[in-house]
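Have a look at the structure below, then the notes.
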Amino acid sequence: ANSVCFTFTDFESGQQDLIFQGDASVGSNKALQLTKVDSKGNPQGGSVGRALYTAPIRLWQSSSLVASFETTFTFSISQGSSTPAAALTFFIASPDTKIPSGSGGRLLGLFGSSNNAGSDNGVVAVEFDTYPNTDIGDPNYRHIGIDVNSIRSKAASKWDWQNGKTATAHISYNSASKRLSVVSSYPNSSPVVVSFDVELNNVGPPDVRVGFSATTGQYTQTNNILAWSFRSSLMGYQAN
């Protein structure tokens, strides 16, 4: 479709319009639990989960016909261990995307160890990272980053994660300016802003799926999406 619009005010188990991968499920609290928790709600280590909107979305048709989109979601991350880990992402990928082998922990459920810097996986992601891995290029603080076909963020800003609190994220892409922008905040705190210019028609296929991924490692955290809305519109303009 040339334009797509959907809203989830909460989630249901057996949700037909979502594809669940790995450990992702819907909890009794009607939240999208991207990673595994035990019967008491305690997060489990070594978990990878993803959830994608079922219908593919037409992101571009030609270099001069590229979609603009915006998405807003609320989420919460609660630490299970003394240190939380690892991350939650909103991502865009090819319609047949699966969890890559070996993509747990620091690789966000998006990049296998073999292709974490490849240009062929067509992945664009916004990561909310509670555990800096400086050896793979993370800044040495908790951050929100924009990833394009690589685990190494193209742009990142410091993020003051708040344990168990509900955050709001707003991500938009302007196809005329080619700017991907992220604004995220907790109640009563200053928003974190990150942006990066990217030509989405040069990154991945015309049709994509959108959704969320999350991981835990040796250290753990819950990764819950509470509500989600998305809309996109394919508009013609003169691209360079």
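Here, residue 1 is simply the first one shown, and the rest follow in order.
Every residue, even glycine, has its Cβ placed from backbone N, Cα and C.
Taken straight from Swiss-Prot:
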BINDING   GLU127, ASP129, ASP138, HIS143  Mn(2+) binding site
BINDING   ASP129, TYR131, ASN133, ASP138  Ca(2+) binding site
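The structure, with features from Swiss-Prot marked on it.
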| residue | record | DSSP (3 states) |
| --- | --- | --- |
| GLU127 | Mn(2+) binding site | strand |
| ASN133 | Ca(2+) binding site | coil |
| ASP138 | Mn(2+) binding site | coil |
| HIS143 | Mn(2+) binding site | strand |
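Taking the Cβ of HIS143 (Mn(2+) binding site) as centre and 10 Å as the limit, one finds 22 other Cβ atoms among all the protein chains shown. Of all the binding-site residues listed (GLU127, ASP129, ASP138), ASP138 has the fewest other CB atoms within 10 A of its CB. There are 20 other CB atoms within 10 A of the CB of TYR131 (Ca(2+) binding site), with all protein chains counted. If you take the C-beta of ASN133 (Ca(2+) binding site) and look for same-chain residues 6 or more apart in sequence within under 8 angstroms, you find ARG106. HIS143 (Mn(2+) binding site) is 9 Å away from TYR131 (Ca(2+) binding site) when you measure Cα to Cα.
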